[in-house]
Amino acid sequence: MAEGGVVDLETQRSEVSALLKTPLRRGDTWYLIDSRWFKQWKKYVGFDSWDKYQMGDQNVYPGPIDNSGLLKDTDTQSLKEHLIDELDYILLPTEGWNKLVSWYSVVESQQPIARKVVEQGMFVKHCKVEVYLTELKLCENGNMNNVVTRRFSKADTIDMIEKEMRTIFSIPDEKETRLWNKYMSNTFEPLNKPESTIQDAGLYQGQMLVIEQKNQEGQWPRGSMPKSSGIPNFSTLPKISPSSLSNNYNNFNSRIMKNSNYCLPSYAAYKNYEYSEPGRHNEQPGLCGLSNLGNTCFMNSAIQCLSNTPPLTEYFLNDKYQDELNMDNPLGMRGEIAKSYAELIKQMWSGKYSYVTPRAFKTQVGRFAPQFSGYQQQDCQELLAFLLDGLHEDLNRIRKKPYIQLKDADGRPDKVVAEEAWENHIKRNDSIIVDIFHGLFKSTLVCPECSKISVTFDPFCYLTLPLPMKKERALEVYLVRMDPLAKPMQYKVIVPKIGNIMDLCTALSSLSGIAPEKMVVTDIYNHRFHRIFAMDENLSSIMERDDIYVFETSINRTEDTEQVIIPVYLREKFRHTSYSHHHGSTLFGQPFLITVPRNITEDKLYNLLLLRMCRYVKATNDTEENDGSLHCNKEHTVNGNGPNGIHEEGSPSEMETDEPDDESSQDQELPSENENSQSEDSVGGDNDSENGLCTEDTCKGQSVTGQKKRLFTFQFSNLGSSDITYIKDDTKYIRFDERQLRLDERSYLALDWDPKLKKKFFDENAAEDFEKHESVDFTPQKKAFMKLKDCIELFTTKEKLGAEDPWYCPNCKEHQQATKKLDLWSLPPVLVVHLKRFSYSRYMRDKLDTLVDFPISDLDMSTFLINPNAGPCCYNLIAVSNHYGGMGGGHYTAFAKNKDDGKWYYFDDSSVSTASEEQIVSKAAYVLFYQRQDTITGTGFFPLDKEVKQGASAATGAPHESDEESNEDENDIENENCMHTN
């Protein structure tokens, strides 16, 4: 283990730094390391420039690698959900991991968290470390109740899984076996491609695999395949789609000859195996569920919403897409996404199935968008954006996109600029997606320096509407009072989301009665102060999992007083070897802050420290009180004259022990990393028993008990000559020289305990005990609801660009924080509204669960359109994607209105049930689909050819020919029927 000198630490730093830059290669193994441990290691080796001053400091020594913070279950070594790279963990290649283990070892009983690098993508390949393995449930055909769970990499093959199952269930090598993929209640699929990977096979989280072996008669218990038929004669097998049988029957006989272990037809990447529930054939078209392939509810929700968008579904059901497939578009997917989507829609609307398994479609999406290739939870809206863009490019009627020179408005009328922008758009983008989903908005930017105004008109496929952000957040903190007898108390405080530490102190003050300026806020981790916050630091740096301790102090930390605040760590000494006299130390317990006079004797400092710990340090004298606790008179400790409220008068004899010295406790002064270092002064060393003196003023009448040994010694760490002067004469006087001693996690006083004395006198259970304030059980009241119009108004509100996303002003020739305003110019036949419920920052992830009240019918958008000739703009709701749960997880479902019967249904993966309009508006609503009323007919399908021809005029506000005849008569009627949202 390397605790060694600066050279060794420099070597560690340089070697690990280089290995962190190792490129990912398919099949390589990388290791997860808890980011908190890694940050501590970086401090110890001086990895970053701001860590140099702590380099080699034994008090920031990280100890053995500890990944317990990443584990949900230490027994199974399963990871917590939704861990984020670099925020929660660091990835290191094998060589880097081995080096760290050789230097620091691993916490006992912990296994390394090793993960493989997998390759994703079809055209643009990229590698990623597969942090979350696929958990599969394994069982035998003869006993499906005996389920064994194992985790596999997506790169593992079916053959590897079979071998693992043979081992688990003790199946002899001579026994023939075959594997089945079992899902839903009674649906099986043969896994007869041993070389296929888990990713190729589309196996998902929680999938159950069944291993079957031949019986004593040499027969398969699940049945055999008749040679005269291409249809499996298994009563327990689901019905397989005819397309899959015809595609695979020709390979049947040759497959049997090649491998007798697998007697069912082979299949092409599991593509065409779509099953219906046995015994159900006559379903209503469109009321077809989608099997969850393992965290794919986000995809199922998106598909159900698109499936119930009438003009798009009619387009695919009528095979119009076949004439418009663009196989050569470099921005498209060679038509594969469109064809796969069409096949899925036809199955869903065939009326043959109560549910289908969208594995083929999922595979195609993963090939072209690697971010969706796994089986982790994803964002439904992000998938919708990809699908709409992918379908558009696959079906783009423009075969060769012309170059378009974009022009600024330059003061021209909006109508002219809008018409020009739309015409330019459809010269390059002309598809069914443009016809149905694309609209136009106006963007106005104003330079704050030169007042340059830039106006552009841009197309959109959906509207992302902001929700008013939560202005507050709840934080749980622990308050440590000056009274040493008071246990720490846990509080829940409500603080501004965009606030600072002073806001936290003010909120805590209202509950505790302690003045904010008498508080110091800290983050404690691994027995040390991870951070000591300044009052002006942002609260966003405090994460939910941080242990925040707020210490009451008797002084304002920023004032020049005759007292100083010192961080105190507790250390337990140990000897490296039985024959070595060199000692090390390890941290334990909770650190604390103590206020002491700038000028203080060593004895008095010792007494103050011991009195500060009197709640959990037992009596050190046989004549102490019977309860065994150190005598603390509350009247003295609270109302006394000393710092922290502790009376300055006190006999050192009460704070010492008659324990005899032994070999393990003779060395009371721990050597610093560098014996000549000026940053660490040792106090209370070997000669303390001879010099336990205090000042003349405070020691009158006190006996000097030099024969008694102290419970601990102490050392000042990272306090240089400009901070502290330690006069090692007869008085042993300590003088803090700086007017404002710096208070941070780097400079502290370490109390070194002998193991035997610690075991006898230090009560760790009492030290960790705390109380709960009633605020902990308080649930903040949330706003009842807001209206959809509030979100639209927020979308069109003028805003100032942030410093991280400035606008380049062509006039100033510089990036400026311009003001920006968006306005709606024209709206599409189907308006997709994305409610921006998720917010992200460097330190925080959050979901807004505000109830947004949106109309089911008659959504009038005329209020928000600045185009006077926009035409009809009343909409009816046709679908909603719902998200339940929090960030990074949860569950997606959908409400949708069937185009044939006009009724609402609830789609929850493979389940479909009737729904009422009262159920639709909820806090879970995430993406809304509205269809314009003038495009709705009896079948839900409108003449798309008309929309194609008149798309440009509709987008720019020019009325259709048919509209001109009826606008005067119908507009008034239509507006009367609309429920205005203002």
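The backbone N, Cα and C atoms fix where each Cβ goes, glycine too.
Quick look at what Swiss-Prot lists:
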DOMAIN    7-118  domain 'DUSP'
DOMAIN    288-933  domain 'USP'
ACT_SITE  Cys297  active site, nucleophile
REGION    623-695  region 'Disordered'
COMPBIAS  655-672  compositional bias 'Acidic residues'
ACT_SITE  His891  active site, proton acceptor
REGION    950-982  region 'Disordered'
COMPBIAS  962-975  compositional bias 'Acidic residues'
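A distance of 6 Å separates the Cα atom of His891 (active site, proton acceptor) from that of the residue listed as 'active site, nucleophile'. Annotation note: the residue listed as 'active site, nucleophile' sits in a helical segment as assigned by DSSP. Classification of His891 (active site, proton acceptor) by DSSP places it within a strand. Across the domain 'USP' (288-933), the model assigns an average pLDDT of 79. Remark: of the active-site residues Cys297, His891, the most isolated position is His891 (fewest other Cβ atoms within 10 Å of its Cβ).
DSSP assignment over the domain 'DUSP' (7-118) gives 47 helix, 24 strand, 41 coil.
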